[in-house]
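Down below is the structure, laid out as structure tokens.
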Amino acid sequence: MIEVTLLGTGSPIPDPNRAGPSTLVRAGGQVFLVDCGRGVLQRAAAGGVGAAGLSALLLTHLHSDHVGDLGDVLITRWISTFTPDPVPLPIIGPPGTAELVAATLNALRHDIGYRIAHHADLNAPPAVDVREHTDGPVWDRDGVSIRVAPTDHRPVAPTIGFRVEYQGASVVLAGDTVPCAGLDELAAGAGALVHTVIRKDIVATIPQQRLQDICDYHSSVEEAAATAARAGVGTLVMTHYVPALVAGQEEQWRALAAREFAGRVELGDDLHRVQVDAPS
């Protein structure tokens, strides 16, 4: 069984009810944070997970709304890990991830220096193990395996999706993308597909070109549902709602998905959980 928790279902626009894009995946006693949008650790704490308990951080791409709280994750994990010789945090993402992590740590160098000067048991900066990938296996530990494949969020490039597998259960996390062959292949036969969705029918009517532009490189509800159908997944989990999902409108979004996908559809607020079982 794999458990998926939608930590942040929001967008780049601040929302008092939704944290920035982030998803928690629990499998085989391991805990993976996929993207780290604003407010992610507060939502994780509400779900019973602290930064020190993360097995790895997985980044789909380097847009600010998906990595905005990277510094908080790095520093909070560092100061809340009390075991000697802490294991470096594995950070897996597309090319550019190492530069982003290094720049983030450099921006926080004063804070890091203050804490090292103050605490005798902190004698080194936060330990990280950054790995950049665009395709193939990236994790194989205690029965949990993860592989990545390219997605299409151009001009943001490269971008990747993740497939997590454990004891026959499988979950694919698409990140931001339009329909593409890489995601179709990655999601083939998966138990669940976690996919960003936007209401292009609404966004296209907003009289600001900059906002209309987001239609170019995101999937609509119907497009995400069509991807789920092509890939033959069991459950479509929609997240990163643009515009924000309003209470009472859930059935509108479900109806749009149902035009293309006959399977189970999950959507909801931050901390919504979905259990994904192995096929019986």
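Each residue, glycine too, has its Cβ placed from N, Cα and C.
The shown structure was predicted, so the numbers you read here are calculated from the model rather than taken from an experiment.
Per Swiss-Prot, the feature Zn(2+) 1 binding site maps to His61, His63, His153, Asp176; the stated evidence is sequence analysis. Sequence-distant neighbours of His61 (Zn(2+) 1 binding site): residues of the same chain at least 6 apart with a C-beta under 8 Å from its C-beta are Gly93, Pro94, Thr151, His153, Val156, Pro158, Thr159, Ile160, Gly175, Asp176. Secondary structure from DSSP puts His61 (Zn(2+) 1 binding site) in coil.
In the three-state DSSP classification, His240 (Zn(2+) 2 binding site) falls within a strand. The Cβ neighbour count for His240 (Zn(2+) 2 binding site), using a 10 Å radius and every protein chain shown, is 28. Per Swiss-Prot, the feature Zn(2+) 2 binding site maps to Asp65, His66, Asp176, His240; the stated evidence is sequence analysis.
All chains included, 18 other C-beta atoms sit within 10 angstroms of the C-beta of Asp65 (Zn(2+) 2 binding site). Look at Swiss-Prot and you will find Asp65 tagged as active site, proton acceptor, backed by sequence analysis.
Fewest Cβ neighbours within 10 Å among the binding-site residues His63, His66, His153: that distinction goes to His63.
A 10 Å cutoff on Cβ-Cβ distances gives Asp176 (Zn(2+) 1 binding site) a total of 25 other Cβ atoms nearby, all chains included.
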